[in-house]
Amino acid sequence: MIRWLQKLYYPIQAGHYRLEKHSIGLTLAIIFAAMIGGFVEIAPLFTIDETVEEAPDMRLYTPLEQAGRDIYIREGCYACHSQMIRTLVDEVDRYGAYSLAVESKYDHPMLWGSKRTGPDLARLGGKYSDDWHVAHLIDPRAVVPESVMPHYAFLAQRRLETESLPARLAALGKVGVPYDAAMIENAERDARGQANPDSDDAGGVAERYGEATQIRPFDGDTARLTEMDALVAYLQILGKLTDAASRIETAAIEADMEAAQ
Amino acid sequence: MIAKFTVAERQWSLVLLVLTALAGLAMAALGAGDAMGVHGFIVLIVSLGLIFVVGGGLFAPEPTEDRRRAYYDDPIKLGLVLAMVWAVIGMGVGDWVAWMLAYPEARFDAAWSSFGRVRPVHTTGVIFGFGGNALIATSMHVMQRTSRARMAGQVSPWFVIIGYNLFVVMAVSGYLMGVTQSKEYAEAEWYADIWLVIVWVTYFVLYIRTLARRNEPHIYVANWYYLAFILVVAVLHIINNLAMPASLTAAKSYSLFSGVQDAMTQWWYGHNAVAFFLTAGFLGMLYYYLPKRANRPIYSYRLSILSFWGITFFYIWVGSHHLHYTALPHWVQTLGMTFSVMLLVPSWASAGNALMTLNGAWHKVRDDATLRFMFVAAVFYGLSTFEGSFLAIRPVNSLSHYTDWTVAHVHAGAMGWVALITFGAIYAAVPMIWRRETMYSWKLVEWHFWLALAGTMIYVFAMWNSGIVQGLMWRTYNEAGTLQYSFVDTLVAMHPYYIARAIGGLLFLTGAVVGSYNIWMTIREVGHEAKARDVPTDSEAGEPAVPVAE
Amino acid sequence: MSVKKRDPLTGHQTTGHEWNGITELNTRVPRVIWWFILVTHLYALIAWVLLPAWPGITGYTKGILGIDQQERVERQVADLRAARAPWRDRIAAATVENIRADPDLSAKVAETGPALFGDNCAACHGAQGQGGPGYPSLVDDAWLWGGDAEAVLETLRVGINADHPDTRFAQMLSFDGILSRDEIRTVAAYVQSLSGMETGADPDRLAEGQVLFMDNCASCHGDAATGNTDLGAPNLTDDHWIYGGDDAAIFTTILRGREGWMPAWEGRLDLADRKILAAYIQDLKGQAQ
Ligand code: HEM
Ligand code: HEM
Ligand SMILES: [Ca+2]
Ligand SMILES: [Ca+2]
Ligand SMILES: [Cu+2]
């Protein structure tokens, strides 16, 4: 066996011996050897249908939520928080149904994370109140004394920049998120309306993004549209873009109960 | 330094600088009110400063022709100095960040100083600032010496080093302003990414042209690795950074890929940033400075071939081990896991090759801290690749992922391998490049060594402990079959380890500061070497033997 | 022309080439490496046969074990649920009193409660259920919706002012524009006096406050200001405060109104979990006293 391996290696050595005399040859060989793996692993993710589950009820981030997502990225929350519940019992027990690929289908980029200094946030939406989020972001240790999370009090003061929202939605449209022309055109109004249920702008949000859209003064103040509004709106939608995951879980429990009978 | 440029080269540089100044001006004007505008100003100021420098020497006499018969080391000096500057910045910020995790109020009451914004300053500062400059500078040194040829060009090496550092400055200053794509190790925004592509292509052309000039029939191992580093990093960088800017006059962009495809592309990049930046490049460094310093032949040429192609081929497959148990399809995870295990062979083959090369030079390892840096680095390289392959096994990863165990592994590799080999190589290179007889103080090198080793050990052991404790706490079930600890319980358990880590980091940082001082004093105080001049000459030995015959 | 030398130390031959002073030995690849390759590649081959591994264009090899990580965790979760079912079913069926009376079940509550409470409730109600500004203490005897277990369980199920269709609804009106600021200060002083606080207000002012209270507040908080558990209106005569009992806090409460949000847990925690929590709150209370 070993002899056989050694024999196999001779032509490789001899080939290399010739190759190392030609810089361009070496260059091409390196590129070739190094590209195979990436191609085999990435290309099929676009062609194998079952990679991303079907979820007809999947909805889009509203402009306010997307603005919040951009703030989440800007502040580097992903450095401490994952948004990916792995297929492990303890994670399902602690955080809820494991995450599905479809749930981050519109996430450019994904924010699955690689470190949990803080807890996973994939199913955070609805777990706490807006007020709690505001208080927590302003001073995490006021509500959780053991916390090591940074404070973000300035978010409540800073006006949300909405002028670039149409361009941002349009860019997302170009990379494949199905925002339509009306959504792009009304992005600024929708952002304002979602944080101010009493305003005229609120109606359009539900119309364009569905009745289930949360329309509330997220930072508690309808008079001003702040970065806090956007971030909290985003945190409150995490895990709620589609019901696909809980449907799978319910189906599994039912199947299990049937089997038990 | 301008005096060595030909008049044509000076004019060329001016044209280039005026172009970048204009680009900077355009960015500053159009991107006003956005972080891009700030970056425009930085580009503009740097370009104007350099125009000043080049303009000042514009009318100096033409250099003599005999410069062609010497190696061109001036840009390397800049690269090495910048590497040490970034080492102190990057590790200083790393230690700050470490204290922040123990004492979250150890920061300024300003948005830019929050953990999430500062952490990537650390990772980019050490990997790209410190590691990148060291790689580029040493590669320029190694390629000339092992090709017995002067670098192909005098303008392009400066462009590569200065342009590259401009990229790093744009990246880290961007994070502090909240400009990030959130893709780990590729956080810089689209215009900085494009700029890096330009710099990198120039680097490749410079490298390949220098190799083409070589007076050696064969290309030395170190160059295979440097070449792989340059090529693969280019491909990874371009593909992972594909993005759609929201506006051409602002920084924000959205990744071309989303969800699961984005995750795979990101970690295909992320892992191979480790492989081809933090491993292949530094193996190139090791393959030159270690045998040179030990004055021993490489243990086995044939083993070099095996490990080189093994590393080049296998590494690319393993990125999916960062996504075990996630929504990434199971089949990709199996590939990532199995290739990671197979990858251990070439990894250990190269670590073994380095250690066996020291056979017959162990007394030097004992006496010479510079060589000892490289020896310990090779040991840590072996250790962290073993750990990596172990962590890539799914059940192990189920425990380690998301915890400080990953951070322990990262720093066993990053401090123990990457930083130590770099310090060793720099201590070996500085006297060669500045033509000094020795370093200013061998005692300080000794001090640096022990500080670095102690710092690494404390850091890594603290994080192993905290990672494993945290991972176990997360999954501990009590007798009732329910979770034993809440998340906050685990947070409290981390606190002492975070303090220990920050102290270890402080030792490591102190070492880097001591090293910088030593290098500075070497440049300033130590007398010039009287030995024979180090110049390109024709190869004395001919063809190496075909490997099959012994 | 190559100058092959033998390395005196190892006895191996060099390849005969030299790069800037560096030479290389032509040593064979050590046998151990081949063994190493053999073992690791065998491991990989076996894994590829057993597990999902190689992709095609529209599918991938499923592996002969037929393992899929999602099905696998679903089975594990089901097993875990089945293992817990004997006692959890009993908890789900029992009343909170019975749970606490049963030593076996209360042991389970003691084991399960801390992490469950820590991961879901402590963020608002504090690690020991002690409450905090805006979040009621769960270990005192002051209950907005009544302290019996049924009421607590219902609160946990539907939340307060939450997004559950049956959610409890509780709103402290904003009296901005209804009462003048002076009147608000007056009624606030009266409210403070109810819990025996020293307010410094003279009896006339308190009497005036009482009138204001009867007109505006008693409909919810009751004539005696002892609260109304149907409306979630707190008792104002005890010294437990959600938002604080100092002048400023009470003034703000009356001026701006309050509408606390307690999330609904039905979608997140099953009945057994909610009962465990209801029982665990009682444990916490015992510890607090
Ligand atoms: C003074 C020495 C150092 C200290 C105190 C330090 C500290 C830290 C800290 C606190 C983190 C964040 C970990 C977390 O989020 O929990 C980190 C991450 C990181 N550091 Fe360092 N570091 C040091 C040296 C280095 C060096 C020399 C390198 C590379 C050459 C490096 C590369 C990294 C990388 C790649 C990460 C990201 C790890 C991940 O995402 O898993 N560090 N470091
Ligand atoms: C055989 C070689 C190696 C293998 C198979 C390997 C494998 C791994 C694995 C499994 C992880 C954890 C992924 C996760 O759970 O999130 C990881 C993380 C990491 N490794 Fe390695 N590793 C190897 C060598 C190295 C070396 C030499 C370095 C040098 C610095 C290094 C740097 C890193 C970094 C920076 C990360 C953190 C990535 C992140 O999450 O941000 N690795 N590696
Ligand atoms: Ca990471
Ligand atoms: Ca980038
Ligand atoms: Cu990796």
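Each residue, glycine too, has its Cβ placed from N, Cα and C.
For B:H411 (heme b 1; low-spin binding site), the same-chain residues that are 6 or more apart in sequence and have a Cβ closer than 8 Å to its Cβ are B:T456, B:Y459, B:V460, B:M463. According to TrEMBL, the heme b 1; low-spin binding site annotation covers B:H122, B:H411.
Summarising the environment of B:H271 (Cu cation binding site), the number of other Cβ atoms within 10 Å of its Cβ, over all protein chains shown, is 24. According to TrEMBL, the Cu cation binding site annotation covers B:H271, B:H321, B:H322.
According to TrEMBL, the heme b 2; high-spin binding site annotation covers B:H409. There are 22 other Cβ atoms within 10 Å of the Cβ belonging to B:H409 (heme b 2; high-spin binding site). The secondary structure of B:H409 (heme b 2; high-spin binding site), as reduced to three states from DSSP, is helical.
Per-residue pLDDT, averaged along the domain 'Cytochrome oxidase subunit I profile' (B:1-550), amounts to 95 for this model. The domain 'Cytochrome oxidase subunit I profile' feature in TrEMBL is assigned to B:1-550.
The transmembrane segment annotation in TrEMBL covers B:38-60 (among others).
The transmembrane segment feature in TrEMBL is assigned to B:80-101 (among others).
The feature transmembrane segment is assigned by TrEMBL to B:121-143 (among others). For the transmembrane segment (B:121-143), the residues of the chain that approach it from at least six positions outside its boundaries are 73, 75-76, 78-80, 82-87, 89-91, 93-94, 97, 151, 157, 160-161, 164-165, 167-168, 171-172, 175-176, 184-185, 187-188, 203, 207, 210-211, 220, 222-223, 226, 229-230, 273, 277-278, 281-282, 284-285, 288-289, 414, 418-419, 422, 425-426, 429, 432-433, judged by C-beta separation under 8 angstroms.
The annotation transmembrane segment is assigned in TrEMBL to B:155-178 (among others).
Residues 27, 36, 39, 136, 139, 143-144, 147, 149-153, 156-157, 159-160, 163-164, 166-167, 170-171, 174, 181, 219, 223, 226-227, 230-231, 233-234, 237-238, 241, 243, 245, 251, 253 of the same chain sit 6 or more residues outside the transmembrane segment (B:190-212) yet have a Cβ under 8 Å from a Cβ within it. The transmembrane segment annotation in TrEMBL covers B:190-212 (among others).
Sequence annotations record features per position, and here TrEMBL assigns transmembrane segment to B:224-248 (among others).
Here TrEMBL flags B:268-289 (among others) as transmembrane segment. Listed as Cβ neighbours of the transmembrane segment (B:268-289) (distance under 8 Å, sequence separation of 6 or more from its ends, same chain) are residues 127, 131-132, 134-135, 138-139, 141-142, 145-146, 183-186, 220-226, 228-229, 232-233, 236-237, 239-240, 298, 304, 311-312, 315-316, 318-322, 350, 354, 374, 377-378, 381, 413-414, 417-418, 421-422, 424-425, 428-429.
Residues or ranges marked as transmembrane segment by TrEMBL: B:338-361 (among others).
Per TrEMBL, transmembrane segment is recorded for B:373-394 (among others).
The transmembrane segment feature in TrEMBL is assigned to B:414-435 (among others). Sequence-distant contacts of the transmembrane segment (B:414-435) (same chain, six or more residues past either end, CB-CB distance under 8 Å): 73, 76-77, 80, 83-84, 87, 126-127, 130-131, 134, 137-138, 141, 278, 282, 285-286, 288-290, 292-293, 369-374, 376-381, 383-384, 445, 448, 452-453, 455-456, 459-460, 508, 511-512, 515, 519, 522-523, 526, 528-529, 534.
Positions annotated as transmembrane segment by TrEMBL: B:447-464 (among others).
Sequence annotations record features per position, and here TrEMBL assigns transmembrane segment to B:498-520 (among others). Within its own chain, the transmembrane segment (B:498-520) has Cβ neighbours under 8 Å at 80-81, 84-85, 87-88, 91-92, 94-95, 98-99, 101-102, 415, 419, 423, 426-427, 430, 439-441, 444-445, 447-452, 454-463, 466, counting only residues six or more beyond its boundaries.
The number of other Cβ atoms within 10 Å of the Cβ belonging to B:H322 (Cu cation binding site), over all protein chains shown, comes to 26. Highlighted here are the binding-site residues (B:H122, B:H271, B:H409, B:H411) whose C-beta falls below 6 Å from ligand 5: B:H271, in sequence order. B:H322 (Cu cation binding site) sits 13 Å from B:H409 (heme b 2; high-spin binding site), taking the Cα positions as reference. Ranking the binding-site residues B:H122, B:H321 by how many Cβ atoms sit within 10 Å of each one's Cβ puts B:H321 at the top.
The CA atom of B:H321 (Cu cation binding site) is located 14 Å away from the CA atom of B:H409 (heme b 2; high-spin binding site). Under 8 angstroms separates the C-beta of B:H322 from a C-beta of chain A, among the binding-site residues B:H271, B:H322, B:H409. Proximity of the binding-site residues B:H122, B:H271, B:H321, B:H322 to ligand 2, judged by a Cβ distance under 6 angstroms to any of its atoms, singles out B:H321, B:H322 in sequence order.
Listed in chain order, the extra residues whose Cβ falls within 8 Å of the Cβ center of the Cu cation site residues B:H271, B:H321, B:H322 are B:W267, B:G270, B:V318, B:G319, B:S320, B:L323, B:G336, B:S340, B:A392. Contact counts against the transmembrane segment (B:155-178), taken as Cβ pairs under 8 Å, peak for B:38-60 among the stretches B:38-60, B:224-248, B:447-464. B:H122 (heme b 1; low-spin binding site) sits 17 Å from B:H409 (heme b 2; high-spin binding site), taking the C-alpha atoms as the reference points. Separation of the C-alpha atoms of B:H409 (heme b 2; high-spin binding site) and B:H271 (Cu cation binding site): 13 Å, rounded to the nearest whole number.
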